Amino acid sequence: MTSVTIQVEQLLRTPRPRTGETATAAGGVCDPKLADGPWALDAVPGAPLPMPEYGPGSSNADVAPASTPVQQQIPAEYRRTPVPELEARIRAARATLGDRLVILGHYYQRDEVVQFADFVGDSFQLAQQSTTRTDAEFVVFCGVHFMAETADLLASPGQSVILPNLAAGCSMADMADIDSVSACWDQLTALYGTEPDEQGRVPVIPVTYMNSSAALKAFCGDRGGIVCTSSNAAAVLEWAFQRGQRVLFFPDQHLGRNTAKAMGVGLDEMPLWDPRKPLGGNDSQALTDARVVLWRGWCSVHQRFTPEQIAGARAANPDVRVIVHPECPVEVVDAADEAGSTQYIKRAVETAPPGTAFAIGTEINMVRRLAEQHPEHTITCLDPVICPCSTMYRIHPAYLAWVLESLVRGEVVNQVRVPADVADSARTALQRMLAVRP
Ligand code: 13P
Ligand code: SF4
């Protein structure tokens, strides 16, 4: 076994930090502020606003753009309350709210929060789940901003969707904004024209990953486009190729490249669009010959995985089964045994014969939870440096207690509401996705 594997296994076996114990003290390498006091990263009301950063962790280098919602500091009382007391208060508020409330939690969310979720799932499952509890007045979404926006788009009239910490964004989603995607579209349509070919396929169809703003979903809805998630990306690309000669895929280049490559599209048919350069940094012939134009976006968590880590895991155990998320770079997906969405990874672990060794390339909260839930297997993370999604981590039990107790008092805080002028078109793109069968 390599020292890397031993180190990761030790970290995975390390008990999760509790109150008064920082993640670093407990053996992780996550910044203690992020684990124990993410409000240190919130805006201070009244103070001149520095650009709020996503905070330490894997997205350390990503700075939140100006349009990112700003979380004001939660009341001091919540910041001071120890986690066990917060947990008791969350339970009490939940009991008081009863069926008026549903709590959704993404797999990448920390355990201290996930324990309260009525449904835990990937972004596709949570989008579906949010449509099944039409009786619940309040949908509290323990995930990130684009997921809460999606739940709001699919919500029934009278339902409020609440994101406990508005600063829980997604650095990848913020890499594509409506202005730069519109500028790209104008250049592509000037080049391609708008006439369908003899099979009735339009020159280009826009496809946005779920990890995008509602404005971009609306952009797709208005232009015959569609949304995809990592669990249905291949089926959605099939749908798009039936209707278009080419696809403009944003914001994640890796999901687009990996999915299209697995469908037989050549890497040379997938130029990368850099929004800072004319024609995205391409010549017009490359764009004309393209099957998929890939936006230059990525996930800071999944971009950390490397083929060298996979080689290390195989050297340590030649029988290891390596599974990575399709947001990883193509060389990593090529070197792995399998690639799939968070739900795919979970199912693979659940259905494997006991004693299977897994090396997994995805977010650490999920890998750690799988390791805890499946002691019959040996499950390690490919990355030796513990690698949380730092924005998911912004949802601490203090924020959950605050929003739930506010609801008990009749006050809705941190509601995520998609503006009416984009909601209908964004819903169209989402409903096209929900109608596609993987
Ligand atoms: P899933 O679609 O697998 O839930 O992934 C969401 C995400 O943000 C992955 O980084
Ligand atoms: Fe965004 Fe990556 Fe976090 Fe997923 S893991 S929410 S893509 S930053």
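Cβ from N, Cα, C; glycine included.
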According to TrEMBL, CYS170, CYS389 bind [4Fe-4S] cluster, and the residue from CYS299, CYS328 that belongs to that same site is CYS299
Which residues does CYS170 ([4Fe-4S] cluster binding site) neighbour through Cβ under 8 Å, counting only same-chain ones at least six apart?
-> VAL144, HIS145, PHE146, ASN211, THR391
Tertiary neighbours of CYS299 ([4Fe-4S] cluster binding site) (same chain, Cβ under 8 Å, six or more apart) | SER171, MET172, ASN211, ASP252, HIS254, GLU327
Determine, from DSSP, whether HIS106 (iminosuccinate binding site) sits in helix, strand or coil.
-> strand
If you draw a 10 Å sphere around the Cβ of CYS389 ([4Fe-4S] cluster binding site), how many other Cβ atoms fall inside it, taking every protein chain shown into account?
-> 30
Please list residues from the chain of HIS106 (iminosuccinate binding site) whose Cβ is under 8 angstroms from its Cβ, counting only those at least six apart in sequence.
-> VAL120, GLY121, ASP122, SER123, LEU126, CYS142, GLY143, VAL144, MET147, MET392
Filter the binding-site residues HIS106, TYR209, HIS325, CYS389 down to those with CB closer than 6 A to an atom of ligand 2; keep them in sequence order.
-> CYS389
For TYR209 (iminosuccinate binding site), what residues in its own chain, 6 or more apart in sequence, show a Cβ-Cβ distance under 8 Å?
-> MET172, VAL227, CYS228, THR229, SER230, ALA233, PHE249, PHE250, PRO251, ASP252, LEU255, GLY256
